[in-house]
Structures are given as C-alpha cells and as structure tokens.
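Among the features that TrEMBL reports, transmembrane segment is placed at 12-32, 64-86, 98-119, 131-151.
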C-alpha cells in the first residue's frame with residue numbers, strides 16, 4: 001500500500017478497539033446472564049401480563065434491554081473486525097483491504113446504533129456501574145472505530 005506511515009496508527013487503534021470490544025462483550029455477557037437468571041419468571045398455568053417485554057432486564061431502565069442486545073452485537077462484530085484488521089495490518093496490501101474496511105464499517109454501524117441506545121439509557125438514568133462503563137466504552141468506541149476506518153482508508 002502506498003502510505004505505510006498509517007500502519008502503526010492503524011495497529012494501535014486496532015489493538016485499542018479489540019480490547020474495548022472484548023470488555024463490552026464481557027459486560028454484555030454478564031448483563032444477559034443476569035437477565036436470564038433474575039428476569040421475568042412466570043409459573044405454569046399463568047398468563048403473561050399485557051406489559052411483558054421479551055427484552056426485559058432486571059437492572060437499569062426501559063432502554064437497557066435494547067442497549068445490551070445491540071452492544072453485544074456490536075462487540076461480536078467489532079471483534080470480527082479486529083480479526084480481519086489483524087490480517088490486513090500483517091499483510092498491508094490492497095488484497096486484504098476490502099475485507100478489513102467493509103467489516104470495520106459494519107462494526108462501526110452497530111457501534112453507532114448501540115451508542116444511540118446508550119444515550120437514551122443515560123437520559124433515562126437509573127442504571128448500575130457496569131452499564132455506565134459499557135455506555136462509556138461504546139461512546140469512545142464510536143470515535144476510535146471511525147478513526148481506525150479513516151486510518152486504513154488513508155493508506156489506500
């Protein structure tokens with residue numbers, strides 16, 4: 001690729017993004033596990049109430065279920081983006097660029113979507129420290145993933 005000066009910048013951003021996506025996945029997995037263990041339980045022979053939501057989380061607020069769902073999706077796609085990015089950083093040629101750039105764009109899109117739900121959750125308040133951490137990480141990841149995309153496109 002023509003601009004090899006962007007390679008260390010892209011590698012640093014890739015490592016940072018991978019680490020943050022892994023932390024988001026860990027916190028998201030905790031939230032999903034907690035929702036499964038302590039969520040809405042109904043006995044046999046009883047009907048679901050009219051206000052029942054299948055995306056119910058016992059911690060947080062009304063936006064928590066959507067936020068955690070899209071944060072876990074963004075984390076999974078972000079880790080896949082990092083794997084494709086490692087291949088691109090290692091070879092740094094035009095053949096590996098399309099896959100790294102396309103999956104990075106998809107990961108950024110999911111991250112922006114999760115960040116939107118994070119902003120809604122911040123607006124509604126009532127959440128615990130782990131969810132606050134995941135919100136902060138997703139807001140930061142929205143910027144760093146976009147910078148990573150710019151870094152690999154700048155070298156093309």
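Backbone N, Cα and C define each Cβ position, glycine as well.
For the transmembrane segment (131-151), the list of distant contacts is 6, 9-10, 13-14, 16-17, 20-21, 23-24, 27-28, 31, 59-60, 64, 67-68, 71, 74, 78, 81, 85, 101, 104-105, 107-108, 111-112, 114-115, 118-119, 121-122: same-chain residues at least six beyond its ends, Cβ to Cβ under 8 Å.
Beyond its flanks by at least six residues, the transmembrane segment (64-86) meets 10, 14, 17-18, 20-22, 24-25, 27-29, 31-32, 35, 53, 55-57, 99-100, 103-104, 106-107, 110-111, 113-114, 117-118, 120-121, 127, 131, 134-135, 138, 141, 145, 148, 152 of its own chain at Cβ-Cβ distances under 8 Å. Remote same-chain partners of the transmembrane segment (98-119), defined as residues 6 or more beyond its termini with a Cβ less than 8 Å from a stretch Cβ, comprise 21, 63, 66-67, 70-71, 73-74, 77-78, 80-81, 84-85, 87-88, 134-135, 138-139, 141-142, 145-146, 148-149, 152-153, 156.
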